[in-house]
Amino acid sequence: MPELPEVEVTRRGLEPLIGATVTQAVIRQPAMRWPIPSHLPQVLHGARLLELRRRGKYIIARFESGCLILHLGMSGRLCLLESDTFPEKHDHFDLHFADGRVMRMRDPRRFGAVLWAGDQPDEHSLLKVLGQEPLDEAFNGEFLQQAIRTRSSPIKTVIMDSHLVVGVGNIYASESLFRAGIHPETPARALTLAQCRRLVEEVKLTLQDALQAGGSSLRDFFGADGNPGYFQQTYFVYGRTGQPCRVCQTPIAVLRLGQRSTFYCPACQQGQPPSNAMP
């Protein structure tokens with residue numbers, strides 16, 4: 001699933017459309033994670049795109065007539081193409097603009113979303129429950145320690161909770177915990193303030209590094225311009241089971257947390273060896 005860096009890379013790739021006017025909205029397949037509203041062609045026709053911003057893993061497109069909320073799901077892409085580009089099998093939604101370009105939703109698994117939010121997108125039920133933006137100043141060590149002080153769940157699971165902090169999925173949680181030297185099974189409430197500060201710092205740095213690399217392209221992700229990301233080439237632990245740690249040469253191990261594969265270095269991330277770890 002695209003995480004914060006991939007969504008932000010996509011948003012930035014669509015920015016050239018700001019100021020353009022919609023000439024046509026085309027719904028080819030309305031059956032996404034939630035049905036694409038059938039009235040979108042009417043409310044978007046003739047509307048100018050005013051703003052593109054990100055909230056967590058959602059992109060909010062503000063038009064003169066209201067706001068679209070876009071989510072890439074597990075395998076979705078938003079492509080910026082020429083309007084005469086012939087649609088492919090999994091191209092489900094188009095926005096054609098007067099300047100001759102089209103924003104196209106491509107989603108083989110159809111877990112993505114195209115929703116209408118009117119004039120108050122932040123009050124939408126999907127957005128108003130979201131936690132802190134990890135790159136904002138408000139997400140700091142003191143905030144994290146206060147938020148997790150009563151939580152006994154593993155810190156890896158907690159840092160992926162979008163009600164606490166948004167956009168930190170499986171890849172970037174694993175990478176950030178490695179950089180911070182924290183075992184993923186550590187109970188969240190056991191972290192000291194110093195550890196919370198270090199973890200917050202590494203979350204921010206990891207996400208910023210991923211943004212600079214254009215995100216991670218493991219299977220489905222490509223930016224709006226069709227280019228892949230390259231951050232996967234620098235992973236410390238994610239997907240590197242059995243390979244030597246880039247720091248200490250210890251083989252990377254994997255365990256299951258919350259139905260997710262969690263990668264870590266047993267030497268660099270000290271903690272009680274977990275019973276369900278697989279070398």
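Even glycines carry a Cβ here, placed using N, Cα and C.
Among the candidates ARG101, ARG109, the residue that Swiss-Prot names alongside HIS90, ARG151 for the DNA site is ARG109. In Swiss-Prot, the annotation zinc finger applies to 236-270, one of the ranges 26-60, 236-270. Spacing of ARG260 (active site, proton donor) relative to ARG109 (DNA binding site) is 19 Å (Cα to Cα, whole number). Cα-Cα distance from ARG109 (DNA binding site) to LYS57 (active site, proton donor): 17 Å (rounded to the nearest whole number). LYS57 (active site, proton donor) counts 21 other C-beta atoms within 10 Å of its own C-beta, drawing on all protein chains shown. Look at the binding-site residues HIS90, ARG109 and count other Cβ atoms within 10 Å of each Cβ; ARG109 has the fewest.
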